[in-house]
Structures are given as C-alpha cells and as structure tokens.
Ligand SMILES: [Zn+2]
C-alpha cells in the first residue's frame, strides 16, 4: 500500500510498488475521463522554493485532471521562507491545510527533512543536484510504454553524466531490473561518477565519448543537456555544449525501434530536424510525466483504479 | 614501561594512536570528570611503536561511536577488583548520530540546524560516511 507514503527518492518504492503506479498510469491513459473526480475535494500544496515552471505545471495539471485543487508558492521570496521560517515548521503548517505536498528546493535533502515532520505525503520535485524522483518515474513509464519491459535493453546515456541527477536516478532505478546493459557516453570532463558505476555489480556497462560508435547497439538513447550553470568557464561550456548533437546523420546508424528520451528542456543536443522521427519520443515523455504524477498522487492519497 | 595497574575498578583505553589521546580525553569530557583520570602520552608500544593511553578510575559510560570514529584500532579494558573483566575491540560504527557534520555546502543541514544528523558508513576502508539527507560522502 502506498497510501500515506512519501516519495523522496526512487528507491523509496519497491519494484512492485512502482509497477502498481505504472499500471494505474496505464489505466488513466486508457480512459482519463474515468478519473475526472478521483481527487475531488483534495488539495495539493506546491512548495517551490526555487522556480521550475515545467515541473510545477506538470504537478498542477495532474492534480487538476484528477478533480483536485492546488495552492502554493513558486519561489522562496514570496513565501514565509523570506521571513526565516524553517522547513520543518512550514510543512507542519501546510499539513494542516493540504492533503499532499510537492516540494522543490535548492538545498539537497530538504524534502527528506520535510517528510520527517509531515503528517501528509511529501513528494520530492527536485532537491538541488541530488534527486528528482518523479522525472525518474516519467522516464521509466516512457520506457515501459514503448519497450513493454525494462529488462533486455541496451540503454545509452549521453551528455552531462557528471552533474545530471536524472541520469544518476535512472541508472539506479533501472539497475533493479535484469539484463540491462548501460553505455555511458560523455566527454572526459563530464564522466559518470564512479560511485554510480561501483554499484552496477550485476550489470554490463562501458564508458565512451563517442556517440556515433555506440549508437548502433542502443535500444534506448537518453540525451541530457549540458548545463551552463555547472561551468565556471564560458569557453569550456561553449566547447562542450555542441559536443553531441543528435541529427539525421547520427540517427542513420541507429536501430529502427530505438527510442530517444530527453528530460527537457533541450538546448543544442537534439536537432529539431529529428523531432518528427518516430524514434523521438521526448515530447510524449512529458505527457507520460503528467500521467505518472496523476497515478502517484492518487496512490499516495489512497485512491486506486476506478472500475 | 608503564603497567596497567593501580586500578581497582575502572577503564583503560589502550593502543591509542600516539597523538589522539588528548582528543579522546576531551571528547569523553574526562577533563570535567570528578574521578581520577590519567592521560599517558607517547608510551612505548610493541604494536604501534608509540601509543597513548587513558586510565579512568571508575566505570563510566563511554561513547563507543565517538571512540570508533577517532581511532578504531584502540582497545578498551574494563577492570573490576583489579582483574580484567571485559575487553572491547572497537570498529568503525555503522551509523553515527549527531557527531559528524555534512561537508556539502548545498546540503539542507547547512540551513536547518536543529537536526541530529545520521551518517551511515559506506566504505570502511576509506572511512567514508554518507549524509542521510544529501547522500554526500564525508571521509574522516
Ligand atoms: Zn548532507
């Protein structure tokens, strides 16, 4: 039972619990009208201590599509935080009003701290460079929908693998399934941290900086943005940001049924010329993100498949 | 050569790495204790060359986690009626609460300070502990 639980990091849920959420998401996708009133009378608090419009919209859309309502703040300066209220106090007060809370915070571990003091479920919507579990659920649901199974896939992760928390979480989440091969594609400066690969004891993996060479064997290609704010040096950023640009030429060597994922927003790493390629599923991925959040909210509030 | 004697009932902390004795003495607040205590520095040792040791003329509660963190190689001997009744071999504690501080400047514990933070041992060889909030590894 997921009722009343918090989601702070993907491994908070067992593989079976994740499967419950995905099954419910599938049902919502099949017949969204059935769920129009599923959260009627329920309130979602969105506590965004730093702005993230996409993520906030995704949660708000999810709750509104379930017939629930939302309130909250979208930056710390407009909230009681600016008066110096602690996170533990804020969540206790919010718990008096709302049924469930979503928290985005620049400090790592903030949602976990909140969950310790909270009477209502807390969902981590991103804490610094640490975790972003609903992005991972989004990625997993997308893979599951297109590939039918997590197992028996070769997944290439490309771009900023050093700071990319979405990559770290996804690798950790996928490593719980069998027979997955990981290919880490990054320039030497942005290589995957060794503490991630150290944990891949039961899986095959290799590292390369060459996307062209790696692409033919991939079933899934997960592209990430090279983030400007991670660099001290503009020149270094400019050199690396164009390092991998996925275009028609590179895709020519890819499998016909490979899927391309990206957490969005993209900058330079995927050429718009491939947006209409059937393998480019990143915009659909955003849609899956909303559906999986609907399923998550419903589950944490104790709802289920409506028959 | 100093001998572990002269104690009827008490604790001897032995095989302390030379130089760590004072730190342990302070950490266990023995400077404030009202029983007889002794800190012996740079005693000759077959095993270590040089070692520190501490004698406490009373059986007091000592925080083994703190000792394990400072020097997991030391031994603790409990003496009663001038006989050794127990020898405790230390190891790095699996979890420590409220002792370590997270080194990650982006960690929530840098702004929310009323927390007893739990650190979990992740690599005994490197003496690495992981912050419960941000997962950042801190080595001793
Ligand atoms: Zn920390």
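Glycine too: its Cβ is placed from the backbone N, Cα and C atoms.
Of the listed candidates (A:104, A:239, A:279), TrEMBL assigns A:104 to the same carbamoyl phosphate site as A:54, A:55, A:132, A:135, A:264, A:265. In sequence order, A:124, A:125, A:126, A:165, A:166, A:169 constitute the residues six or more apart from residue A:132 (carbamoyl phosphate binding site) in its chain with CB-CB distances below 8 Å. Each residue contributes its Cα atom, and for residue A:225 (L-aspartate binding site) and residue A:135 (carbamoyl phosphate binding site) these two points are 14 Å apart. Reported as a whole number, the C-alpha separation between residue A:265 (carbamoyl phosphate binding site) and residue A:83 (L-aspartate binding site) equals 32 Å.
Sequence-distant neighbours of residue A:264 (carbamoyl phosphate binding site) (same chain, 6+ residues apart, CB-CB distance under 8 A): A:54, A:282, A:283, A:285, A:286.
Between the alpha carbons (Cα) of residue A:83 (L-aspartate binding site) and residue A:55 (carbamoyl phosphate binding site) lies a span of roughly 25 Å. Candidate binding-site residues: A:54, A:104, A:165, A:225. Fewest other C-beta atoms within 10 angstroms, A:54.
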